[in-house]
Ligand SMILES: NC(=O)CC[C@H](N)C(=O)O
């Protein structure tokens, strides 16, 4: 069935619907990862976003039920050039199209994703609609006007506390929309883990008497999370604080730093970041549309993005805060920054 993508600036791309047939609206972003589409689909950080894959052939190894980063598809829509109709892999359980259908998420294929990506790069992230209908200007205007992603964390955070027993550091994780492989990365290192819902109060977290507070990745604008920022303000100085992506941004705001929305963000599996202390360059996995623009006082830059010199990590040795903007858990992407989890734990132990 024919369907189209309509951008907020009036541009229209014609393609073919695939997956679930239901009109959708979201913030249009692109990722340059060449594999790992199923980790992208299930990453809660993409809540509210329509994702364009720049790699031209998607679905070629199907969908397995182990690599998901949460329990369902989180993107609002999925745009590709070509759908591999006959996936071929021993781990494949269902096709990409069946998975989208099952999760009630609309896809659009046969789109010139390279052209679309250039438009997003040149003119910035914007809202977009995928539809099979002919919409009037007024209808479109209403759809765009009523779309907001400011309660994204509320939508994706867990309801109950998750406990994982371990013999090493006690890590209190705040789930702003956490990816499964982050939890696994701490569990693999034998940490004792409690994963708390995003709006858990300070007392409940301190009752667990953690060795550190970990702030997870998650969707939306960090400035939409004043409660989380207040919680972190209370914890800093009392317990070490570590974090990834949204967690990094929240920690920066809690300490008096600044964040801002980027023109089109960093989403992909080959972003070069330099670890300043180690004087080494790593290829990192990234998925963010906001960044820290001003480091808090007393905090030093730990990592920098070599494409645009943006802040990719910060450290405060006195207060024991260490956070990174990129994704050391990868999933998808290269795993060479997994050392960050060991660095986090070393910082906690040093006390
Ligand atoms: N992956 C993340 O945690 C993303 C953080 C934030 N939502 C951003 O887009 O910048």
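Each residue, glycine too, has its Cβ placed from N, Cα and C.
Quantities reported herein were computed from a predicted structural model and do not represent experimental measurements.
For the domain 'Carbamoyl-phosphate synthase small subunit N-terminal' (1-131), the DSSP-based tally of helix, strand and coil residues reads 27 helix, 46 strand, 58 coil. Summarising the annotation, TrEMBL assigns domain 'Carbamoyl-phosphate synthase small subunit N-terminal' to 1-131.
Sequence annotations record features per position, and here TrEMBL assigns region 'CPSase' to 1-170.
In sequence order, 27, 29, 125, 261, 262, 264, 265, 267 are the residues near residue 289 (L-glutamine binding site), counting only same-chain partners six or more apart with C-beta under 8 A. If you look up TrEMBL, you'll see 45, 218, 220, 246, 249, 287, 289, 290 marked as L-glutamine binding site.
Residue 245 (active site, nucleophile): 27 other CB atoms within 10 A of its CB, across all protein chains. Residue 245 (active site, nucleophile) falls outside any helix or strand according to DSSP and counts as coil. Taken from TrEMBL, the feature active site, nucleophile applies to 245.
Positions annotated as active site by TrEMBL: 327 (among others). Neighbour list (residue 327 (active site), Cβ cut-off 8 Å, at least 6 residues apart, same chain): 179, 217, 244, 245, 284, 285, 286, 287, 333, 337.
DSSP assigns residue 329 (active site) to coil in the three-state reduction, outside any helix or strand. Around the Cβ of residue 329 (active site), 25 further Cβ atoms fall within 10 Å across all displayed protein chains. Under the heading active site, TrEMBL lists 329 (among others).
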Completion exercise
For residue 220 (L-glutamine binding site), the three-state DSSP class is coil
Practice task
List the other residues in this chain whose Cβ sits within 8 Å of the Cβ centroid of the L-glutamine site residues 45, 218, 220, 246, 249, 287, 289, 290, in sequence order.
Solution key: 217, 219, 221, 222, 245, 288
Handout entry: Rounded Cα-Cα span from residue 329 (active site) to residue 45 (L-glutamine binding site), Å
Key = 14
Exercise for the section: Among the recorded positions 218, 245, 289, 327, 329, name every one whose Cβ is found under 6 angstroms from ligand 1, counting any of its atoms. Expected result: 218, 245, 289
